[in-house]
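Chemist: Shown below is the structure under consideration.
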Amino acid sequence: MVRFGKKLTADQVPEWRGYYINYKLMKKKVKQYGQQLQQGEKDRRRVLKDFSKMLDDQIETIVLFLLEQQGRLASRIEKLGKQRAILAEQPDISAIAELREAYREVGLDLIKLLKFVDLNATGIRKILKKFDKRFSYRFTDYYVSSRSNHPYSQLQQVFKHVGVGAVVGALSRNLADLQERQGSYLSIYDQPASALKDPIIDMINSSVDKLTRSTNFLRFLGQHALIAQEESPSTAGEEEIEDQKYHFVSLMLNLVNTFLYMVNTYIIVPTADDYSVSLGAASTVCGVVIGSMAVAQVFSSVYFSAWSNKSYFKPLVFSSIVLFLGNVCYAMAYDTKSLTVLIVGRLLCGLGSARAVNRRYISDCVPARIRMQASAGFVSASALGMACGPALAGLLQWRFKIYMVTFSQSTLPGWLMAVAWLLYLVWLCISFKEPNRATEADDTPHNRASG
């Protein structure tokens, strides 16, 4: 089996060599830290700080280069889009073929970029694993959980790769469109009876799938480590207090909230590109539509975290109402012919993210003996929502009108999620049980006195 260090060197794009993770240096540093700890030259805390700083710098180099390359690809696609618009009015068979080849060249460069991200994501994962093994310390959990949702962290750019997804969507749509356009001008004898799917699209999709598998490990740790921490043994009195605060249906409502939010995040991905274009935007704007929800979530996590100090029920109600309104705006953007309404809808959805409340509820209100299972349920609900979102979008292929409201594959995801959040709100109001805050407050002085 080829060692990863050699594979990284062999698979690098020569002109990009300075932008890959310096895996050899990182391995050397891990070895040096081990020697310094044994000799007493550095303590563990200093080692963790130095190694974290080094990895942060490596990731920042990777991400800044990734953003630069994404911008170049987007610019090339935009220029080709202008040529495509001209050909739409004045068709020319040879020009269409040349344009299609130009898109394919962009596709090949995109595949190179996807492999670049995949190699670096794998390098990050392996060096974290090597550090944990060397020092028998769960550094990976700390590092990923502290960076995954922090607004200034570059790590999330590596495993969310939203910008890359936008470029993939724009390129795939344009190639498919040109394939159909070319078929409409050529003789039946100039192409097979059934047109083949463009191999470049297949290669891009294969690269995206491989990248997703590589980064799922980091995403899992980022979600899991925020909740599942080593617990100190509980006394009988503490267990009794925990049992008083725990309510199974309320826990289920938090997990369902997590599931619905992740479905809401990903259900628009297959159709956001066409939806944006139908409103007169450039195809690359779909990246803004998809990513705006994640941007707004950064702000929602702040006020929801503070709100959960006083209540769990009220933030969940507020979240459901905001998400209902956000999805209605997203669905109504088509009939109002407004890209602004579309983006405002997605921003509202992001502002309704109650994931901070869901995690806090599990941490505060679930007894220690089943907290790990509840944490696993949170991660599973997130993963299931990520999978179900695009799958549901594939089923929503109808088009009809009721009065002046249009229901299509672009708007149905919004309407479906609006109905889902309305039903969830009703269930929440009927079944949620607010934990006894007085019990929690009374317990704090006792703990302090006993300490």
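Backbone N, Cα and C define each Cβ position, glycine as well.
What you are looking at is a predicted structure, and each value in this text was computed from that prediction instead of being measured.
Okay, so TrEMBL annotates it like this:
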{"type": "DOMAIN", "residues": "2-145", "note": "domain 'SPX'"}
{"type": "TRANSMEM", "residues": "248-269", "note": "transmembrane segment"}
{"type": "TRANSMEM", "residues": "281-304", "note": "transmembrane segment"}
{"type": "TRANSMEM", "residues": "316-333", "note": "transmembrane segment"}
{"type": "TRANSMEM", "residues": "339-357", "note": "transmembrane segment"}
{"type": "TRANSMEM", "residues": "378-400", "note": "transmembrane segment"}
{"type": "TRANSMEM", "residues": "412-430", "note": "transmembrane segment"}
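Burial and contacts for the listed features, if you can.
Modeler: Taking the domain 'SPX' (2-145) as a whole, pLDDT averages 85 in the prediction.
When Cβ-Cβ distances below 8 Å are used as the criterion, the transmembrane segment (281-304) is approached by residues 74, 77-78, 81, 149, 151, 160, 162-163, 165-167, 169-170, 173-174, 264-265, 268-269, 272-273, 275, 315, 319, 339, 342-343, 346-357 of the same chain, each at least six residues removed from its ends.
Remote same-chain residues near the transmembrane segment (378-400) are listed as 220, 223-224, 227, 254-256, 258-271, 358-359, 362, 406-409, 412-413, 416 (criterion: CB distance under 8 Å, separation of at least six residues from the stretch ends).
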Chemist: Are there residues at least 6 beyond the ends of the transmembrane segment (248-269) whose Cβ is under 8 Å from a Cβ of it, and what are they?
Modeler: 165, 169, 275, 289-290, 293-294, 312, 316, 319-320, 323, 327, 330, 346, 349, 352-355, 357-358, 361-362, 365-366, 374, 377-378, 381-386, 388-390, 392-393, 413-414, 416-417, 420-421, 424, 427-428, 431-433, 435
Chemist: Using a Cβ cut-off of under 8 Å, list the residues of the same chain at least 6 residues beyond the transmembrane segment (316-333) that approach it.
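Modeler: Distant contacts of the transmembrane segment (316-333): 253-254, 257, 260-261, 264, 268, 275, 279, 304, 307, 339, 341-342, 344-354, 357, 405, 411-415, 417-418, 421-422, 424-425, 428-429, 432.
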Chemist: Give the nonlocal contacts of the transmembrane segment (339-357) in its own chain as ranges (CB under 8 Å, at least six residues past its ends).
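Modeler: Residues 254, 257-258, 261, 264-265, 268, 275-276, 279-281, 285, 288-290, 292-297, 299-301, 304-305, 307-308, 312, 315-316, 318-323, 325-333, 414 contact the transmembrane segment (339-357) from elsewhere in the chain.
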Chemist: Could you pull out which residues elsewhere in the chain have a CB under 8 Å from any CB of the transmembrane segment (412-430), counting only those six or more residues past its ends?
Modeler: 253, 256-257, 260, 263-264, 267-268, 271, 313, 316-317, 320-321, 323-324, 327-332, 345, 392-393, 396, 398
Chemist: What does the DSSP secondary structure composition of the domain 'SPX' (2-145) look like, as residue counts for helix, strand and coil?
Modeler: 127 helix, 0 strand, 17 coil
